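This report refers to the structure that appears directly beneath it.
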Amino acid sequence: MSQVILDLQLACEDNSGLPEESQFQTWLNAVIPQFQEESEVTILVVDTAESHSLNLTYRGKDKPTNVLSFPFEVPPGMEMSLLGDLVICRQVVEKEAQEQGKPLEAHWAHMVVHGSLHLLGYDHIEDDEAEEMEALETEIMLALGYEDPYIAEKE
């Protein structure tokens with residue numbers, strides 16, 4: 001299995017208590033090599049203000065969000081391994097984990113898995129796409145040793 005090259009950038013006011021780089025690497029490696037040989041992904045961990053600004057600029061949503069995915073579009077005729085960027089908001093991930101009663105580490109893992117699938121072209125706009133994407137997320141999360149992230153919705 002090929003390994004994903006990770007460029008981890010921490011842009012939070014306080015970076016203490018964040019997952020280790022090795023954890024981010026493990027989570028990426030559980031997803032991307034199944035679909036693509038050589039890949040490079042940037043993960044940028046930000047605070048609420050940056051997430052809010054990016055979400056408003058790129059999605060027209062006036063609030064912070066847990067994860068944004070920015071796939072890299074390779075120009076025709078060029079071969080590059082850059083898959084794209086994930087921007088994850090620390091405070092939103094922490095708040096969601098608490099509200100949903102999920103272990104924080106598991107929710108971080110889920111955000112990386114979810115965002116990575118977006119980089120690979122998966123989406124959840126249509127119901128059938130959402131079902132396919134959620135099934136993949138669940139399969140990957142279980143393989144990583146975490147619970148089904150959608151278990152509460154299925155009960």
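Every residue number used here counts from 1 along the chain in the order it is shown.
The backbone N, Cα and C atoms fix where each Cβ goes, glycine too.
Some features that Swiss-Prot has for this protein:
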{"type": "BINDING", "residues": "His114, His118, His124", "note": "Zn(2+) binding site"}
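His118 (Zn(2+) binding site) counts 18 other C-beta atoms within 10 Å of its own C-beta, drawing on all protein chains shown. Here the binding-site residues are His114, His124, and the one ringed by the most other CB atoms within 10 angstroms is His114. The Cβ centroid of His114, His118, His124 marks the Zn(2+) site; residues of that chain outside this set whose Cβ lies within 8 Å of it are Val67, Ser69, Gly115, Leu117, Tyr122, Asp123, Met133, Glu137, given in sequence order.
Reduced to three states, the DSSP call for His114 (Zn(2+) binding site) is helix.
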